[in-house]
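Taken verbatim from TrEMBL:
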BINDING   D110, V113, G115, D117, S119, E128  Ca(2+) 1 binding site
BINDING   P201  substrate binding site
BINDING   H231  heme b binding site
BINDING   T232, D280, T283, D288  Ca(2+) 2 binding site
DISULFID  C78-C154  disulfide bond
DISULFID  C111-C116  disulfide bond
DISULFID  C160-C359  disulfide bond
DISULFID  C238-C270  disulfide bond
SITE      R105  site 'Transition state stabilizer'
Amino acid sequence: MQASHLNFKEKRKNNEGGRGISPHPTRDFRGLAGYQLTGKTYLELEDTYGGDEDDDNDTKSWFPLDNQLSLSYYDRICPDFEKIVATKVREWTKKDSSLGPALLRLLFHDCGVTGCDASVLLDHEGSERRSPASKTLRGFELIDDIKSEIEKACPGLVSCADILTAASRDATFQLGGPYWPNAYGRRDSTDSYARDVEKVPSGRRDITALLETFQSYGLNVLDLVVLSGAHTIGKAYCGTIQSRLYNFNATYGTDPSIDSKYADFLRRKCRVASETVYLDAATPVKFDNQYYINLQKNMRVLTTDQELVKDPRTAPLVKAFAEQPPHMFRQQFAVSMTKLVNVGVITGEDRVGVIRKVCSKSNSRPY
């Protein structure tokens, strides 16, 4: 079982500070804020470490293979797939470190529309990518570069959806986040519609609306809080928060729930809507649990950040992640990400997907 040219067991051994998945991530979290984390929706990796790592029968007991995905999908047909992805991600993020958070956001926007099918990568009139809501998405050129390199090694065999899944995982790891095993075998969608972008959870929704969206994906309240923790890296455009700084509730004042010193800082940074501000002001380029600590200190950028602390369904989890060691968040982030990348995937058995030759173009659409 390959994992960016190191097998997963070796990758786990090399991880420091809990960056890999614990053999029992949900067991570690089993009393978290009174939540019982049980059921087949969570990873249990014990069988992998105890058995033959190349035996898919071992992995079926813990990995959610409901979509006919496989950890060994590319082992024979494109054995260098993950190595190529990891190398390209490292090359590009070394030149531009902001591409790491951008790739993770790109994946969220892809999976949050019609599932993890690379529909966000299609670039044609009326596509998701052309939607005004997608204008700040980045990382497309990196995915295209990876695809081009893989086509040289394994022409017509690797989907853009699998590339995006692997690239976002590797980018997270390079930022200090966890490493998790990916199952592959996704197909790419054949079309993309701008109208579907409204399905993506936005920073202005309340918790009830967000939970309804997450539940439609097969995710739950824990996944909502955990995946929101991706805000530990990356930035937000000031235009998305100016109403909280200058015209809260049409009062021309600042949201009183924001720490006063932090509000002063944000007002200085956000005089212009096109400016950006880190979502985690304390450790902006480190993948840790500081985001939750900031929420507890009223250092909240987005409306959804504010809602996570206020809502009784999510507040206990925010508090728990703020108080637990950082590796607890990293481990659970890996679990929730594994669930997310299995949302709405297309496989060969579905007979409705393709493997695109170019990630931005449908094989059947004239350009």
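Quick reminder: no glycine exception, Cβ is built from N, Cα and C everywhere.
Quantities reported herein were computed from a predicted structural model and do not represent experimental measurements.
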Nearest recorded site to T283 (Ca(2+) 2 binding site) by CA-CA distance, among recorded positions C111, V113, E128: C111
Set of same-chain residues at least 6 away whose C-beta sits under 8 angstroms from D288 (Ca(2+) 2 binding site): G176, T232, P326, F329, R330
Chain-mates of T232, D280, T283, D288 with C-beta within 8 Å of site centroid, Ca(2+) 2: I233, A282, P284, K286, F287, N289, Q290, Y291, N294
By Cα-Cα distance, the member of recorded positions C116, C154, C270, D280, C359 nearest D110 (Ca(2+) 1 binding site): C116
By Cα-Cα distance, the member of binding-site residues S119, E128, H231 nearest C154 (disulfide bond): S119
Length of the line joining the Cα atoms of S119 (Ca(2+) 1 binding site) and C270 (disulfide bond), in Å: 32
Candidates D117, E128, D280, namely the binding-site residues, that fall within 10 Å of C111 (disulfide bond) by Cα distance: D117
C238 (disulfide bond) versus P201 (substrate binding site) - Cα distance in angstrom: 18
Check: same-chain CB within 8 A of Ca(2+) 1 site center, minus D110, V113, G115, D117, S119, E128: H109, C111, G112, T114, C116, A118, V120, S189, S192, D196, G344
